[in-house]
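**Q** Pulled the feature table from Swiss-Prot, pasting it below:
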SIGNAL    1-29  signal peptide
TOPO_DOM  30-362  topological domain 'Extracellular'
DISULFID  C46-C49  disulfide bond
MOTIF     46-49  motif 'CXXC'
DOMAIN    153-193  domain 'EGF-like 1'
DISULFID  C155-C169  disulfide bond
DISULFID  C163-C181  disulfide bond
DISULFID  C183-C192  disulfide bond
CARBOHYD  N205  N-linked glycosylation site
REPEAT    208-255  repeat 'FU 1'
DISULFID  C278-C281  disulfide bond
MOTIF     278-281  motif 'CXXC'
DISULFID  C309-C321  disulfide bond
DISULFID  C314-C330  disulfide bond
DISULFID  C332-C343  disulfide bond
TRANSMEM  363-383  transmembrane segment
TRANSMEM  385-405  transmembrane segment
TOPO_DOM  406-420  topological domain 'Extracellular'
Amino acid sequence: MAPQPLRGLVPFLLWCLSLFLSLPGPVWLQPSPPPHSAPRAEPHPCHTCRALVDSFNKGLERTIRDNFGGGNTAWEEEKLSKYKDSETRLVEVLEGVCSKSDFECHRLLELSEELVEAWWFHRQQEAPDLFQWLCSDSLKLCCPSGTFGPSCLPCPGGTERPCGGYGQCEGEGTRGGSGHCDCQAGYGGEACGQCGLGYFEAERNSSHLVCSACFGPCARCTGPEESHCLQCRKGWALHHLKCVDIDECGTEQATCGAAQFCVNTEGSYECRDCAKACLGCMGAGPGRCKKCSRGYQQVGSKCLDVDECETVVCPGENEQCENTEGSYRCVCAEGFRQEDGICVKEQIPESAGFFAEMTEDEMVVLQQMFFGVIICALATLAAKGDLVFTAIFIGAVAAMTGYWLSERSDRVLEGFIKGR
């Protein structure tokens, strides 16, 4: 069937016009929601309880400061005695204890509000420390200072100076943790009561320990000088009261691979890869090879690349050789490409225009799109009340409609003549 270039074009133009005449107002894009951040680790319940009590105590100070301090001392003392333990003050304090975004605080306050009220009205005198009464004794979320774990066991070094004052007792003050002492640099032992590796006792008494660093590679020493070494760190050896570096590369301690060589460093060693030209080596570069790798040959004291392309290694028709480091490759000569293992001549197509490869139907679609865009643009300008463009638009629609009708008439006449 012959192509029908403008079939359906008039309905398309009418739809285009109605679309532009009924354009809605601007559509505002809503900002996309922020990406979900990684969940944060929840704080230990004891830390939440401590923060709640700290905020409660600040609220007590705030309510006194905001409600009194006007200068009339007698009146303030009379009113303060009534306000101090009143329900009004408690409500004011509790309202400001948790920030709006602190979910953990709000959850804990909801669970413990009755306990706080009981302490406020009945237990303040016998238990003035709200933290101890609420967090440790009642809710059992915390332990006294210097203790840890479900049973509030003493930290190493005792409750008065956990970890000797030179470390942190894991879980101290909470119902969790292992009680292990994380000692400061230079200190060691179960309760951080000793000097660690590489440090010596510079000062010690019944309550005080000062650990200072040994000289460089010393592991144990009696003082800061090099001659004070008693034991050396790994990779060093004590020689005439001094620590000297051990050359592991000359011993069985160095365990490098067959394609590596050993390099001594201070207190240790490292293995580095041999050069590509080497099949085993004693050092860096092609001049330290034990044997040459395939594709290399001994030239003097070095292993150098063999140029395989100097001999006929690419016998295929229209092939040429390219030398590479330690090898070679066969490629097709310029103007040829590889196909099924052989080099065939490339067929360079003659230059063709943009429309040369388009089918007739594709040309029809492109034609319709072009005319549609022009008419839609004219319709938009005409819809804005521009008389000139309105006239042009009406004329264009009329011309296109006439063309479409004439094409249709031609097809009807052609069918009649052919006896359709």
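Cβ atoms here come from the backbone N, Cα and C positions, even for glycine.
Could you give the neighbours, burial and distances for every feature on this list?
**A** The Cβ of C46 (disulfide bond) lies under 8 Å from the Cβ of C135, L141, C142, C143, G173, T174, R175, G176, each of these being in the same chain and 6 or more residues away along the sequence.
Remark: secondary structure over the motif 'CXXC' (46-49) totals 4 helix, 0 strand, 0 coil, with classes taken from DSSP.
Within its own chain, the domain 'EGF-like 1' (153-193) has Cβ neighbours under 8 Å at 44, 46-47, 140-147, 199, 207, 209, 211-213, counting only residues six or more beyond its boundaries.
Here C155 (disulfide bond) comes close to G146, T147, F148, P162, C163, C169, E172, G179, C181: these same-chain residues lie at least six apart in sequence, with C-beta atoms under 8 angstroms from its C-beta. Under DSSP, C155 (disulfide bond) is assigned to coil, being neither helix nor strand in the three-state scheme.
According to DSSP, C181 (disulfide bond) sits within a strand segment.
Around the Cβ of C192 (disulfide bond), the same chain contributes P156, G157, C163, G164, G165, Y166, G167, C181, C183, Q184, each under 8 angstroms and 6 or more positions distant in sequence. According to DSSP, C192 (disulfide bond) is assigned to coil rather than to any helix or strand.
For N205 (N-linked glycosylation site), no same-chain residue lying six or more positions away in sequence has a CB closer than 8 A to its CB. DSSP assigns N205 (N-linked glycosylation site) to coil in the three-state reduction, placing it in neither a helix nor a strand.
Counting only residues at least six positions away in the same chain, the Cβ atoms of A259, P286, R288, C289, K290, K291, C292, S293, C303 sit under 8 Å from the Cβ of C278 (disulfide bond). According to DSSP, C278 (disulfide bond) sits within a strand segment.
For the motif 'CXXC' (278-281), the mean pLDDT of the prediction comes to 94.
All protein chains included, C309 (disulfide bond) registers 16 other Cβ atoms within 10 Å of its own Cβ.
Proximity of C314 (disulfide bond) to non-local residues of its own chain (separation of 6 or more, Cβ distance below 8 Å) is seen for Q320, C321, C330, given in sequence order.
Non-local neighbourhood of C332 (disulfide bond): N318, E319, Q320, Q338, C343, each in the same chain, at least six residues away, with C-beta under 8 Å from its C-beta.
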**Q** Using a 10 Å cut-off, grab the number of neighbouring Cβ atoms around the Cβ of C169 (disulfide bond), all chains included.
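**A** For C169 (disulfide bond), the count of other Cβ atoms within 10 Å is 25.
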**Q** Specify the count of other C-beta atoms within 10 Å of the C-beta of C321 (disulfide bond).
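**A** By my count, 17.
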**Q** How far is it from C309 (disulfide bond) to C281 (disulfide bond), counting Cα to Cα, in Å?
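**A** With the alpha carbons as reference points, the distance is 27 Å.
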**Q** Work through the disulfide-bonded residues one by one (C330, C343) and point out the residue whose CB has the fewest other CB atoms within 10 angstroms.
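**A** C330, out of the disulfide-bonded residues C330, C343, has the fewest neighbouring Cβ atoms within 10 Å.
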**Q** I need the CA-to-CA distance for C281 (disulfide bond) versus C49 (disulfide bond), whole Å please.
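**A** About 66 Å separates the two Cα atoms.
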